[in-house]
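A.B. asks: Below you will find the structure I want to go over with you.
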Amino acid sequence: MQNDELLTTCLLAGRIMIEGGSEMYRVDDTMRRIAKNGGVAQALVFTTPTGLFIGLEDKPMVKLSPVDRRSIDMEKVAQVNQLSREFAAQAIDLPTLHHALRRLDQHTPFFPFWLQVLAAAVCSTTLMVIFAQAYDWIDMPLAALVGALGYAVYGKISSLTQVRFISELLGAFVVGVTAWVGVRLGLGHNLDNVIIGAVMPLVPGVAITNSIRDMLAGHLLSGIARGMEALLSAAAIGVGIAVIFRFF
Amino acid sequence: MPYWLQLVVQISFSYLSTVAFAIIINVPRKALNLAGWAGAIGWLVYWVLLYDLQVGRMLANLLGAFAIGLCGMIFSRIKKMPVIIFNIPGLVPLVPGATAYQAVRALVLGQVMTASKLTVRVAMVAGAIAVGFMLAQLLAEQTYRRT
């Protein structure tokens with residue numbers, strides 16, 4: 001049945017976009033566009049960050065798909081967008097689109113892990129300098145090292161376990177310990193600046209802002225769900241680091 | 001430190017940090033450079049407004065986000081990619097992540113007053129950034145409709 005595959009494809013596209021951290025209105029829009037270009041003029045779409053529904057108007061047919069993990073992965077958003085454009089221009093047909101989405105879902109191209117760790121080092125040390133506004137050159141190597149270590153631990157643990165928020169907690173804990181040891185060894189002098197720089201690759205600043213954008217755009221459920229998730233991961237990071245301030 | 005050197009440091013460091021964060025969140029390779037420029041321009045607007053013109057934190061954040069939003073609109077037209085590919089990395093220098101961390105740390109250490117002050121600041125900065133984006137979106141919609 002043609003409509004069956006069309007709805008499944010719409011749901012898959014929507015789920016990949018939510019997993020990539022897209023704005024909600026774009027998810028709605030893309031799903032509706034795919035449905036329209038596939039020959040269904042009136043598709044009813046309802047999306048939340050934890051699950052999505054699509055149905056045909058006046059027909060006893062609704063499909064749903066839960067969303068289990070959410071992160072920020074722009075490659076996914078860009079690729080779904082690209083595929084949807086190609087489908088609209090009729091460069092690819094529905095089975096090809098479905099196949100391409102399924103492949104994207106299983107094998108998203110990623111930067112190599114060492115490059116991400118290096119990027120975390122650069123991100124930590126440069127943000128430390130511009131946040132502190134004190135041109136704190138001495139702490140730069142330590143902030144880079146601590147930021148890279150924290151991100152590496154975070155990345156390794158999130159690939160090992162399904163338990164939520166534990167990778168943030170342990171990543172932040174490593175940041176705290178190594179920053180404290182580094183300052184004790186005389187590699188840096190301002191513990192606060194080093195830690196603020198080094199947690200930047202982990203903190204959910206973007207998620208907090210996105211949740212408020214979702215809410216202002218009228219997606220109240222999405223805004224609250226994403227905001228709650230951001231709040232919990234901020235709490236995990238804060239607790240992970242505060243342990244250091246408590247004991248030392 | 002002379003003013004021009006400060007300007008160079010601010011621009012180059014915010015560009016680098018944005019590109020680095022873009023790699024962490026897996027931005028497609030061909031968008032990395034422009035995403036970096038979105039971040040540098042947004043941070044420059046914020047920095048000049050906050051530290052030179054002293055307009056206050058919220059207005060500086062709002063106009064910084066507005067600048068990033070406009071850059072995102074222009075770049076997404078050039079590269080034919082979604083706007084958020086440029087907006088999200090570009091936001092990184094402005095976003096209240098460090099403040100959120102400081103708020104939680106204060107709470108864990110029992111400094112409840114500091115914690116609530118910082119939490120309110122996180123919410124307000126995030127709100128200012130969101131409003132800045134909305135204004136950019138509004139402007140873009142009006143311009144495209146006319147042409």
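Here the Cβ of each residue, glycine as well, is placed from N, Cα and C on the backbone.
The model shown is predicted, which means the values in this text are computed figures rather than measured ones.
Feature table excerpt (TrEMBL):
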TRANSMEM  B:6-25  transmembrane segment
DOMAIN    B:10-138  domain 'Threonine/Serine exporter ThrE'
TRANSMEM  B:32-49  transmembrane segment
TRANSMEM  B:55-76  transmembrane segment
TRANSMEM  B:83-102  transmembrane segment
TRANSMEM  B:122-140  transmembrane segment
A.B. asks: What stretch, picked from B:32-49, B:55-76, B:122-140, has the most CB pairs under 8 A with the transmembrane segment (B:6-25)?
C.D. replies: B:32-49
A.B. asks: Check the transmembrane segment (B:32-49) against each of B:55-76, B:83-102, B:122-140 and return whichever range has the most CB pairs under 8 Å.
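C.D. replies: Highest pair count goes to B:55-76.
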A.B. asks: Can you name the far-off residues of the same chain, 6+ from the ends of the transmembrane segment (B:55-76), with a Cβ under 8 Å from a Cβ of it?
C.D. replies: 31, 34-35, 37-39, 41-43, 45-46, 49, 82-87, 90-91, 94, 121, 124-125, 128-133, 135-137, 139-140
A.B. asks: Quick one: DSSP breakdown of the domain 'Threonine/Serine exporter ThrE' (B:10-138) into helix, strand and coil?
C.D. replies: 109 helix, 0 strand, 20 coil
